[in-house]
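TrEMBL annotations:
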DOMAIN    25-238  domain 'Alanine racemase N-terminal'
MOD_RES   Lys42  N6-(pyridoxal phosphate)lysine
Amino acid sequence: MAEAVEAPTGERRAEIQAALDEVRAAIRQRQTGDARLVAVSKYKPASDIVAAHAAGQRHFGENYVQELCDKAAALPGDIAWHFIGRLQSNKCRALAAIPNLWAVETIESADKARKMDAAWRAAGHARPLGVYVQVNTSGEPNKGGVEPAELEAVAREIAGACPALSLRGLMTIGSVDGSRQRPNPDFVALARLRDGLQQALGPAAGPLELSMGMSDDFEHALELGAASVRVGSRIFGAR
């Protein structure tokens, strides 16, 4: 049985409510359509997630599999969890055991897509798992993600050979230098790649989203077409 989660203090509830109100207002001002706020809660106590949940937040992102598993077991079942960390093949089964896992945003190879597909099917879920292909738009060797030239092949593998996965779109973690530029070259590149992939896959693929933008640059990401933004420190404070 999951351990009981400590309740947040009234002061902490108020802090998180105010931060969420501010971020949501910024999203409303800049979005070009419906935009999803993913609250990044890595390293934060479960009580912070309780406070954000009480304030109406439902989508949360975690970077580490064990931390995500522990929190998912202890927190409300209506939370929609996003895995946004580097995906290791040997962790797919653990992720698939989370009943309310909403998306894995860091698929970066056909092999990992197949392993995640097999794990999700083996877990017996009735719905497909949403996935995003992570693209290394900055070309930094330490960044995860497929190279742009490999994107279409990975996407076709998901669409054609992974029946338990639903391709939702593309994701990037841009460079620090790029986040200071306007327009952000990583966001521009991801939008261009999405448009090309959408055309290559055709209407059967459905609309492909862009997951891009974090605490320092999510407003700009929305201006460039982001459908999902991942915001942590602007909600929960610095790690």
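Residue numbering: from 1, along the chain as shown.
Just so you know, glycine gets a Cβ as well, placed from its N, Cα and C.
Sequence-distant contacts of Lys42 (N6-(pyridoxal phosphate)lysine), defined as residues of its own chain at least six apart whose C-beta falls under 8 angstroms from its C-beta, comprise Gly61, Glu62, Asn63, Tyr64, Glu67, Gly85, Gly232, Arg239. In the three-state DSSP scheme, Lys42 (N6-(pyridoxal phosphate)lysine) is classed as coil.
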